[in-house]
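Novice: What TrEMBL records for B:Gly149, B:Val150, B:Ser151, B:Arg152, B:Ser153, B:Gly154, B:Lys155, B:Thr156 is ADP binding site.
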Protein chains: 2
Amino acid sequence: MRTAFYVSDGTAITAEVFGHALLTMFPAEFAHVTIPFVENPDLALQVKNRINDCYKTTGLKPLVFHTFVDEGLRQLISDSDGVCYDFLNTLVEPVQKELGMAPVPKTHRTHSMHEKTYDFRIDAVNYALANDDGANMKNFSHADIILVGVSRSGKTPTSLYLALQYGIKAANYPFVEEDMAKLRLPAELAAHKAKLFGLTITAERLSQIRQQRRPNSRYASVHQCALELKEVEQLYLKEQIPFINSTQLSIEEISAKIISRTGLKRQKY
Amino acid sequence: MRTAFYVSDGTAITAEVFGHALLTMFPAEFAHVTIPFVENPDLALQVKNRINDCYKTTGLKPLVFHTFVDEGLRQLISDSDGVCYDFLNTLVEPVQKELGMAPVPKTHRTHSMHEKTYDFRIDAVNYALANDDGANMKNFSHADIILVGVSRSGKTPTSLYLALQYGIKAANYPFVEEDMAKLRLPAELAAHKAKLFGLTITAERLSQIRQQRRPNSRYASVHQCALELKEVEQLYLKEQIPFINSTQLSIEEISAKIISRTGLKRQKY
């Protein structure tokens, strides 16, 4: 099996995202090794030796995805026996030409707390935690968005992802039987109707998820799930609440669709 | 101001991470526009027109970072008036040559729920939420890692990030006065000592963070913060618990350092 190294003088997250996107295009398995914070020549030499050892041991040249700001460190890694993909540098020149300005080398530029939006993201995480699952409905006025749906339809992980990744303050509220039976929004939600976004899901998938929580319960039965979902979907239509079906979607996909549909302002790019 | 477009037939997260890493190298501000799920020619034409309109309105060619699997859609965007950076395709050919195999086009390859590690990540988020802040200490046997530290030292957002991003089950425990005064681990932690990882922070920064929660309290005073931090750091040393100082670190950086120091197995690359 071929080994892929992701190496950087920062978190190596950019190298990972890029290398992963590239390698998943090929029908092969890889062994993955991430080495972040390679911040001095000693560490870079250790990494170079590790790459060379990997080549000696496996007989296959490792693929090395790296993002170094420091030219000397970059050169040390590029001199290894791995096949190096320096994708940032590959594209710096054309962008430089287009913008008519030179790049300014600086480490920890991305994924650092010095990004100006970092505090928004931490505040948003604290907000999402404090306003999960219908807690503190009086705080809804501070929400950027309020996700609604039946229990276990994906509201909590999506709220946390929106907060952590984009600094969006997402509250969430699980409809209870009374809301659904009466096809009525509770007053606290009705007061912030423009912020509501609904999630739905198929009854079969919801039942699977609920089974893990309370096996063989009425709560987890396909019948009960179907009933609740039918009612909330009617409520969404009646109240003109935008909604998406999350059955086949990851939290990244749900979040991207919500932002795209609502035009929510993100605190991070 | 120059506009940067991030366009994809998927979430556009890869295009964003890459474009962001590239653009932050330049001392300029950009307007950012992300357009995910451009899945058919009609949508691609709309995006092309939007790019062309932006050029007409601003007189500056937009920078377009795109990741399309579908060749026809990619071509439509490439034919726009924007300056297109097709970084995946730029590097597919050298990787193809090195691996000796052709890429297999397939949409939603990354950031989708069909990634085999997706369920681990959702389970880990549920675990982190249920085991936040010392809740359910009997569940520590299921933890991959247990973050410890004083109140507000960064344990909760780090636990959530480890879970969401990497599928790592992270519990966390805030030391209480009794633990610190006696320089002693509670029995539930002592039983899982190999899983403990400590966070610390400067007293000044901790005091700032606590001020937001309880202004002008003893809890938030620099004196009290310094006292608690001194005690937990002594405890870390006495019990040989690895720890890092989070004062200057983002949650991405803390997480990368923890994974790198502990060798924790990640469920996602």
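Glycine residues also receive a Cβ, built from the backbone N, Cα and C atoms like all the rest.
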Novice: So which of these binding-site residues, B:Gly149, B:Ser151, B:Arg152, B:Thr156, get their C-beta under 8 angstroms from chain A?
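Specialist: So the ones by chain A are B:Thr156.
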Novice: Given the recorded ADP site (B:Gly149, B:Val150, B:Ser151, B:Arg152, B:Ser153, B:Gly154, B:Lys155, B:Thr156), which additional residues of the same chain have their Cβ within 8 Å of the Cβ centre, ordered by sequence?
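Specialist: Apart from the listed residues, the neighbours are B:Asn172, B:Pro174, B:Leu199, B:Ile201.
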Novice: Just going by other Cβ atoms within 10 Å, which of the binding-site residues B:Arg152, B:Lys155 has the emptiest spot?
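Specialist: Sparsest of the binding-site residues B:Arg152, B:Lys155 by Cβ contacts within 10 Å: B:Arg152.
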Novice: Within the chain of B:Ser153 (ADP binding site), which residues six or more apart in sequence place their C-beta under 8 angstroms from its C-beta?
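Specialist: The answer is B:Leu199, B:Thr200, B:Ile201, B:Leu206, B:Ser246.
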Novice: For B:Gly149 (ADP binding site), name the DSSP secondary structure in the helix/strand/coil scheme.
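Specialist: Note: B:Gly149 (ADP binding site) is in a strand by DSSP.
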Novice: For each of B:Ser151, B:Thr156, count the other CB atoms within 10 A of its CB; which of these binding-site residues has the top count?
Specialist: B:Thr156
